[in-house]
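Annotated features in Swiss-Prot:
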- Cys188: active site, S-palmitoyl cysteine intermediate (ACT_SITE)
- 456-466: compositional bias 'Low complexity' (COMPBIAS)
- 158-208: domain 'DHHC' (DOMAIN)
- 443-468: region 'Disordered' (REGION)
- 17-37: transmembrane segment (TRANSMEM)
- 42-62: transmembrane segment (TRANSMEM)
- 203-223: transmembrane segment (TRANSMEM)
- 250-270: transmembrane segment (TRANSMEM)
Amino acid sequence: MTRRRHGWQRPLHPLQIVGAVIYSVLVAAFYVFLGFFLGNRIAVIALLSVFSSVAVSVIVLFVRCTAIDPTDKTSAKKKRKDKSKGVLMKLRVKVVLSQVVVRFFRRLERKILRNFLRRTYLDPWKSSVQLEPLLPFPLVMKDDDSVTPDPKEEDDISYCSLCDLEVKRSSKHCRTCNRCVEGFDHHCRWLNNCVGKKNYTTFILLMVFVLLMLIIEGGTALAVFVRCFVDKKGMEMELKRRLYVEFPQWALATISIILVLFTAYGSAAMGQLFLFHVVLIRKGMRTYDYILAMKEENQFTEVDPFDELDSSSDESSDFDSPERLRPTFISKFMCRKANENQQRLSIKIEGDEQSPSSTLINKKPGFHVSINPWKLITLSSEKALQAAEKAKERLRKTKPVSGTEENSLKPLPLETKFGLLLDPDNNNTVLQPSTTAAVKLQVSPGRFSSPRRRFSGSSSSTVPSPKQKYRTNFDLKLTEVSRELESYISRQVLCSVIKQDGSEASPR
């Protein structure tokens with residue numbers, strides 16, 4: 001699956017197209033049936049001006065929020081920084097040398113003047129003018145990372161095994177977009193894009209202007225509906241003058257009341273979603289934290305109440321695949337489910353396997369996470385964040401050891417230096433959960449892939465014999481020191497198995 005960069009990248013989501021169609025219908029209905037039938041010229045001009053500006057803002061913010069790429073680019077920035085550091089150092093060396101030479105001659109000139117001319121104003125301790133320091137300015141710059149590295153930046157870096165890249169700790173992996181999003185909040189289907197740190201402000205502004213647009217159109221439709229019964233003659237004359245056809249008033253009244261109901265429903269849904277995000281901002285939380293907190297609360301409802309999360313047990317549970325947000329009846333208008341039968345979110349942090357406990361939780365009847373701002377208001381932010389952290393910690397403990405994680409290990413330092421890794425296209429490997437088979441590689445005997453994953457054998461046998469199998473007791477969750485020890489032991493076993501001529505020997 002390719003990584004998505006923005007929401008306009010194909011394939012487009014159906015809800016994205018539906019949203020554009022609804023917007024076009026609302027704008028066309030306002031200019032054709034509502035805006036010009038208020039009966040007051042000043043009110044018509046003012047209303048058309050306000051609605052036009054709001055409608056243009058909505059489409060601009062929608063395009064911008066969908067086109068923004070919220071991907072975490074920490075790894076790419078580091079690579080660009082490393083490449084540009086050499087060029088900057090060359091330029092800086094030239095500047096430093098030129099300043100050293102200039103200051104040397106200036107100091108020599110001052111010394112000669114002090115010794116022969118005896119000018120007191122040239123003495124640095126008697127002069128009010130502060131002389132330049134001995135060290136050149138580029139060598140003492142505070143913003144240079146090579147001189148004063150920022151320890152907080154290094155502490156904030158994590159590693160995503162799915163992307164195989166270094167990302168920030170606040171970044172999460174979205175399965176729908178197949179990328180890590182910086183400051184991940186949620187994946188919006190109406191935008192066909194993830195909402196994160198880079199486009200969250202645009203998303204909030206988009207909700208505000210959409211809410212204003214719905215309120216203006218709903219109020220105008222209600223005014224036109226009332227006027228159809230209060231001023232029938234004036235409305236009939238204005239219909240002929242504006243539409244140039246005989247348009248019945250009952251049809252206009254029907255269209256108006258439909259627009260009133262539709263905009264009222266949309267305004268309620270949008271208002272609920274906007275209030276939900278306002279409360280999230282006030283509490284310093286994200287939608288993803290809210291989901292994890294609700295799942296944590298549901299999991300320990302029968303064991304410990306939510307008020308006693310400090311004493312909750314560390315029972316193994318999988319939070320890799322949180323369920324999709326199941327909105328309430330009102331909030332279905334925004335970010336609702338595309339398929340009611342699915343109960344998994346479109347986000348995946350790491351791994352595809354689920355533990356038995358998580359399967360039981362997901363199949364638990366009535367278990368869902370809804371967008372409920374009223375429940376969020378009564379929720380303590382400290383306890384919610386604590387529950388979210390516990391869920392994340394449980395996720396790290398229960399992520400699968402085999403499969404994705406094993407294939408996504410970063411190369412060891414020695415492998416990086418000496419080029420021990422082999423092209424994965426030429427690798428014929430048979431992996432088993434408890435045993436690893438010795439299979440001949442279709443390459444020269446002198447080059448091998450990572451010893452942690454595969455061995456080279458003879459070309460005569462494609463099916464390994466029982467003697468060729470050996471136990472693998474390597475724990476992939478060890479520390480970096482244990483990983484180095486694992487690599488050393490693997491290389492020792494490899495040297496004992498492989499002879500110099502490339503033939504196969506039984507492991508000792």
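Even glycines carry a Cβ here, placed using N, Cα and C.
Long-range contacts of the transmembrane segment (42-62) within the same chain, counting only residues at least 6 positions beyond its ends with a Cβ under 8 Å from a Cβ of the stretch, are 19, 23, 27, 30-31, 35-36, 191, 202, 205-206, 209-210, 212-213, 216-217, 220. Within the same chain, residues 26, 29-30, 34-35, 38, 47, 50-51, 54-55, 57-58, 61-62, 65, 188, 191, 195, 256-257, 259-260, 263-264, 266-267, 270-271, 273-274, 277 sit at least 6 positions outside the transmembrane segment (203-223) and bring their C-beta atoms closer than 8 Å to a C-beta of that stretch. For the transmembrane segment (250-270), same-chain residues at least 6 beyond its ends with a Cβ under 8 Å from one of its own Cβ atoms are 26, 29, 33-34, 37, 207, 210-211, 214-215, 217-218, 221-222, 224-225, 228-229, 235, 239, 330-334. For the domain 'DHHC' (158-208), the model's average pLDDT works out to 88. The Cβ neighbour count for Cys188 (active site, S-palmitoyl cysteine intermediate), using a 10 Å radius over every protein chain in view, is 23.
Across the domain 'DHHC' (158-208), the DSSP tally of helix, strand and coil residues reads 9 helix, 19 strand, 23 coil.
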